[in-house]
Amino acid sequence: MKQDSRFPNLFITDHPLIQHKLTHMRDKDTSTRTFRELLREITLLMGYEITRNLPITTKRVETPLVAVDAPVIAGKKLAIVPVLRAGIGMSDGLLDLVPSARVGHIGVYRAEDHRPVEYLVRLPDLEDRIFILCDPMVATGYSAVHAVDVLKRRNVPAANIMFVALVAAPEGVQVFQDAHPDVKLFVASLDSHLNEHAYIVPGLGDAGDRLFGTKN
């Protein structure tokens, strides 16, 4: 994992397998089915990185031979919250890794000025829970900021929030950092820039359309 000196809260997971799979996702000729499978696989691989610092305690267990104090995740419970709609494609990968996690949903769409409009919030109980927000793209950054706002307004501490995306534009990362410098943002790639239509370049295209096989 590496960082960019411009963005202290940004962490880039540069594992070769992740980069290999991301290249195939970028390919405009990749089928909907393959795109969906790759999104799930990359999210699973990124999950290992973003959960590496979860607090650990010990639990007494009986093996077939002896009793031993073995490591387990301490206390806090996990919740996966995809930002609809494209974030749904990432939640399965994280659930493969942590099948006991609760799942919430935050629904937003982009208005003509690219600002997020909220239409749905469904969350599990908040107490002592670590939230992993997921959305394949951080383009303008407004939807990501809004998703974190939803949790902070409900008194979820910043230390209990992580945001994971596949690709991000520097413009969006700056917006996210300005709004939430205390929340970690994990991505597989920091791309070049946003174009005049607020699409990430080189990016993936419209992740939701490619994931579900729809046309914008």
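Note that Cβ sites are derived from N, Cα and C of the backbone, with glycine treated the same way.
The structure displayed is predicted, hence computed values, not measured ones.
Between the candidates Arg60, Arg85, Arg122, Swiss-Prot assigns the 5-phospho-alpha-D-ribose 1-diphosphate site shared with Arg110, Asp135, Pro136, Met137, Val138, Ala139, Thr140, Gly141, Tyr142, Ser143, Asp206 to Arg85. Taking every pair among Arg85, Arg110, Asp135, Pro136, Met137, Val138, Ala139, Thr140, Gly141, Tyr142, Ser143, Asp206, the residues listed as contacting 5-phospho-alpha-D-ribose 1-diphosphate, the largest Cα to Cα separation comes to 16 Å. Met137 (5-phospho-alpha-D-ribose 1-diphosphate binding site) and Ile200 (uracil binding site) have their C-alpha atoms 8 Å apart, to the nearest angstrom. Taking the C-alpha atom of Arg85 (5-phospho-alpha-D-ribose 1-diphosphate binding site) as reference, the shortest distance to any of the binding-site residues Ile200, Gly205, Asp206 belongs to Asp206.
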